[in-house]
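Summarising the annotation, TrEMBL assigns S-adenosyl-L-methionine binding site to 16-27, 56, 77, 121-122, 139.
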Ligand code: SAH
């Protein structure tokens, strides 16, 4: 599990925006993730009306699915295009408002009020802005974060979680010397040390 070849790799926000502009979004899936369907009970733990966080959300279709179940969904994404595509592809009316605490930050909220998507860097968020969450769906998020930012990312996520919360994390396993990522290879030992 030598991750030496990936640890210094940096993908800038500009590069992510370009991927969206070019339609280079192979990570986006039209179908709900099978692992979310399989482990939904772990996320919900018998509870209803949860606040569920989607870090680095893109236009993940599961946001609509969980909102339709009666949960409150909050996402964060640097690409405004991704967020607008999410609402238009699901024919959801939304409004847009500035986030005073974040310079240049915007929030796109479904008119029904149960989907709130922040357009900013995840590192601009804090629990005083978005509150805390009962559940997290982390797919294409920890593995998309630059390796040098992982510690900061994990500390922030821990800070955004309620005491009794569940965190579903999807990672990918492969030889990091054969692909440069993202998605990056995050060894299980590192996940344990990041999240405890
Ligand atoms: N979770 C989504 C998208 C995964 S790709 C899915 O499952 O489909 C990673 C996404 O994170 C991209 O859409 C990229 O634009 C966004 N992103 C990258 N760095 C970010 C950051 N610092 N803050 C917020 N979003 C970011």
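Cβ coordinates come from backbone N, Cα and C, glycine included.
Mapped onto this structure are the features recorded in TrEMBL.
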residue: 16; record: S-adenosyl-L-methionine binding site; contacts (Cβ under 8 Å, 6+ apart): 78, 79
residue: 19; record: S-adenosyl-L-methionine binding site; contacts (Cβ under 8 Å, 6+ apart): 25
residue: 22; record: S-adenosyl-L-methionine binding site; contacts (Cβ under 8 Å, 6+ apart): none
residue: 56; record: S-adenosyl-L-methionine binding site; contacts (Cβ under 8 Å, 6+ apart): 76, 77, 122, 140, 141, 144, 145
Quiz prompt | residue 25 (S-adenosyl-L-methionine binding site) in three-state DSSP notation | solution = coil
Quiz prompt | Greatest C-beta neighbour count within 10 angstroms, which of the binding-site residues 25, 122 | solution = 122
Practice problem: Give the subset of the binding-site residues 16, 19, 22, 25 lying near ligand 1, defined as CB under 6 A from any of its atoms. | Solution: 16
